[in-house]
């Protein structure tokens, strides 16, 4: 019997983590009678006086937001990390290890209107968001080892507020996923003398199997090792190591790619498509002067939807106990996203 990737179970290696993904394409034929998500609300007003992220509204701690007209950044009122907290006592027991965790957390609103998400913003407005990311990164990277810009979009991804925004969490330590990635990227570079993701960009451009969106500065693919159904990887095609390496011209092209990708996401199931996304680049702070030749700036998009706006992929059972499993192949997912209109948002029809 000849192996056919779209028909037969197989495993794929994620070289960034060392983790394997089980691909079971034949399972797309099974019926679905399980959990269904509630549709994303579509009647969100421009301005909601009860929304704590809206301009001019008082947040729970009593602070009143300014009447902002573009982006707006503030320190999270309920941060997961704080700069001044006690250091836990050291332990010599290998089973009960504790280490200090210092940092800060900020919230960044993209737009003054609550009902305007990134795919509905103009390229100029998205470019302004990128400019603010870089401004925040320039400030925070001087002090912290890791600066994580990320967006949770939609209730399905745990977003508790429909206002368009992201978060920036800064750590005095290198978190688990970036730590593993740094080690894997460095190992590849030491062996081959080239950045892993730069090689990966070249291979994907040659193969043209998983490309979703591209322009001279950026490439978006459904990665060969994708775990989530419509997961994508946004890669710099230049020698950018961190987000503040991105030039003004590259920023506009990044805005164009983000807009096209997120329009495709929304148009796929004609809904405000939920996802978690975030940028990964070389460590900062005390590691800023280190050799980071092995790094390539990239962003990861992890959307949960599988079959429709109401049916999502759950990482449970086998996934929690063994390894990630997906049904739709990355190539099939890339083809569907590639063929979806990325110019005109479905709400404009």
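A Cβ is built for glycine as well, from the same backbone N, Cα and C atoms used for every other residue.
Annotated features in TrEMBL:
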{"type": "ACT_SITE", "residues": "165", "note": "active site, tele-UMP-histidine intermediate"}
{"type": "COMPBIAS", "residues": "33-43", "note": "compositional bias 'Polar residues'"}
{"type": "DOMAIN", "residues": "2-175", "note": "domain 'Galactose-1-phosphate uridyl transferase N-terminal'"}
{"type": "DOMAIN", "residues": "183-347", "note": "domain 'Galactose-1-phosphate uridyl transferase C-terminal'"}
{"type": "REGION", "residues": "32-51", "note": "region 'Disordered'"}
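Within the model, the domain 'Galactose-1-phosphate uridyl transferase N-terminal' (2-175) shows a mean pLDDT value of 91, rounded to a whole number. Around residue 165 (active site, tele-UMP-histidine intermediate), the same-chain residues six or more apart in sequence whose CB sits under 8 Å from its CB are 53, 107, 108, 109, 110, 151, listed in sequence order.
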